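Asks: Per Swiss-Prot, the feature Zn(2+) 1 binding site maps to Cys114, Cys117, Cys136, Cys139. Among the features that Swiss-Prot reports, Zn(2+) 2 binding site is placed at Cys131, His133, Cys162, Cys172, with the record citing sequence analysis. Among the features that Swiss-Prot reports, Zn(2+) 3 binding site is placed at Cys240, Cys243, His248, Cys253. The feature Zn(2+) 4 binding site is assigned by Swiss-Prot to Cys267, Cys270, Cys286, Cys289, with sequence analysis given as support. The annotation region 'TRIAD supradomain' is assigned in Swiss-Prot to 110-319 on the grounds of sequence analysis. Annotation comment: Swiss-Prot describes 114-172, 191-253, 267-297 as zinc finger.
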Amino acid sequence: MDNNSVIGSEVDAEADESYVNAALEDGQTGKKSVQRNYATVLTEEDIRALMEIDVQSVSDFTSLSKAEATLLLSHLRWNVDCICKQWSAGAQSVRDSVGLLELDPPSDDNEYFCGACGESHPHKNLASVSCGHRICTRCWTSHINKIISEKPAAEWNLWLKCPVRVGLHASCPASVGLDTIERFASKREKFNYNQYLLRSYVDNRETMKWHPIQGSRCAIDLSPGSGNASVSCHRLVRFCWNCREDAHSPVDCKTAAKWLLENAVPCPKCKLRIPRNQDNSLKMKCLPCNYVFCWFCHVDWIEDMEGTGGDLHFCTFDAVLSDQRGKMSESDSNRYEDCYENWDSNELLMQKEQANLPKLDTIIQELSNTQLENVSQLKFILEAGLQIIECRRVLEWTYVYGYYLREDEVGKQNLLKDTQERLKKFVENLKHCLETNLQPFRYEEEPSKDFNAFRIKLTELTSLTRNHYENVVKDVENGLASVVSEGEASGSGRNQ
């Protein structure tokens, strides 16, 4: 192997610090880095505004009412371009396919019979959709309630039709639109129907997905070709766009799933993924919610122990795991322990930094008062904290990538170690500036002449760290392709 093709894994701390300082002096923070994600966080209000734009566009193009345009969009997957093309090719065909009939309006007699119950009602108590069949208020209310309460939301477009029977077994094909729902449905039913429209809009957009965290009511709109698939919402929770699990870049979904299957388990109560106990015991405790359960069968540990005399849990998985560990060679075992220790420690450090974010918000409020700065001008402090969290997350998963490298990929292993050490040094420098250099300004009673210099330094350190972090992600995602060696094949990893 050519020694010049591999960067040594032993990193001198002083050299790294000099590297960071030199980068700051040379203005490397302005260098172009890898492409970042362009993800937009959308609240329900934002989504409804986008829906309204599409509804208005279709309404203008087809000369349909907004309620009819909404019906058209919900039936045809909210694809405005496709609807316009189909409408131009044959409007009547499109109308028939979604149940928008084009018939003469009924006469305005004072009395008329309901087409559903057959009873006579004043004209003002009757209403019809595009078919013209008059239906009384009671029948509309009952019909809408039955469909929305009994049928799956995915089938509402199939069942929300005029209730009049036009034959022995056929019902009227005319669809019920939003205007009829708004007039006759209960408050709860209106809410459910509007939520259905909201969900169908997001579910039919290729670049849009709901945030997977429980309780989140926002969606993420990801611009095409925006780099790796790790995105976050306004709650600063990152997830993978492709598999909707916790963010795991720079490793792919398959590798992350394999590692998590063997080394982490979701808490049955709060769903947070918990790393495996380092002593390999089955008794797991979720610290956020204090739930105690079995690693393998997910049974509540306390309930399972009733009548057994304490922590006596018999689980066949324990024997299987011990057998698997026994089959590992000593070198494989050492590689695993080293990887798991670094993966777990970076996960814990990341969680610690996340827990520290509210403190940064408090500090920003304090500095806004003492340094006479707007809160928006102090967001560089929060950005530094968030960058540290992101670096810890990426470091965590680079160790998983390293574990699955083949044993003969020595060049990649050495380059990865060097890259990890450099990124850790960037994080340490940024963290030192954020925590140590920031502290004196918290106790100032009046604006400090040195605060602007601190702002410049922290901002540049954050930018420099971000650039290095993004290049680490890019390099690992590309399989450390910069390592060229005749002795190494181009395979993606070991034990795949």
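Each residue, glycine too, has its Cβ placed from N, Cα and C.
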Asks: Please work out the helix, strand and coil residue numbers for the zinc finger (267-297) from the DSSP assignment.
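Replies: Residue counts in helix, strand and coil order: 0 helix, 11 strand, 20 coil.
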Asks: State the Cα to Cα distance, in Å, between Cys240 (Zn(2+) 3 binding site) and Cys270 (Zn(2+) 4 binding site), rounded to an integer.
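Replies: That comes out at 19 Å between the alpha carbons.
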Asks: Pop the Cα-Cα gap between Cys162 (Zn(2+) 2 binding site) and Cys136 (Zn(2+) 1 binding site) into the table, whole Å please.
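Replies: One finds 12 Å between the Cα atoms of these residues.
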Asks: For Cys131 (Zn(2+) 2 binding site), what residues in its own chain, 6 or more apart in sequence, show a Cβ-Cβ distance under 8 Å?
Replies: Leu101, Leu103, Cys162, Val164, Cys172, Pro173, Ala174
Asks: Among all the protein chains here, how many other CB atoms are within 10 A of the CB of Cys136 (Zn(2+) 1 binding site)?
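Replies: A 10 Å sphere around the Cβ of Cys136 (Zn(2+) 1 binding site) contains 23 other Cβ atoms.
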Asks: Look up Cys240 (Zn(2+) 3 binding site) in the DSSP assignment and report helix, strand or coil.
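Replies: Looking at the DSSP assignment, Cys240 (Zn(2+) 3 binding site) belongs to a strand.
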Asks: What does the structure give for the C-alpha distance between Cys289 (Zn(2+) 4 binding site) and His248 (Zn(2+) 3 binding site)? Integer Å is fine.
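Replies: Cα-Cα, rounded: 23 Å.
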Asks: Going by Cα-Cα distance, which of the binding-site residues (Cys114, His133, Cys253) sits nearest to Cys286 (Zn(2+) 4 binding site)?
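Replies: If we rank Cys114, His133, Cys253 by Cα distance to Cys286 (Zn(2+) 4 binding site), first place goes to Cys253.
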Asks: Judged by the number of other CB atoms within 10 angstroms, which among Cys139, Cys162, Cys240, Cys270 is the least packed of the binding-site residues?
Replies: Cys270
Asks: Can you tell me how far the Cα of Cys117 (Zn(2+) 1 binding site) sits from the Cα of Cys243 (Zn(2+) 3 binding site), in Å?
Replies: 50
Asks: Taking the centroid of the Cβ atoms of Cys131, His133, Cys162, Cys172 (Zn(2+) 2 site), which other same-chain residues have Cβ within 8 Å of it?
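Replies: For the Zn(2+) 2 site the neighbour list reads Leu101, Gly115, Ser128, Val129, Ser130, Gly132, Ile135, Lys161, Pro163, Val164, Val166, Ser171, Pro173, Ala174.
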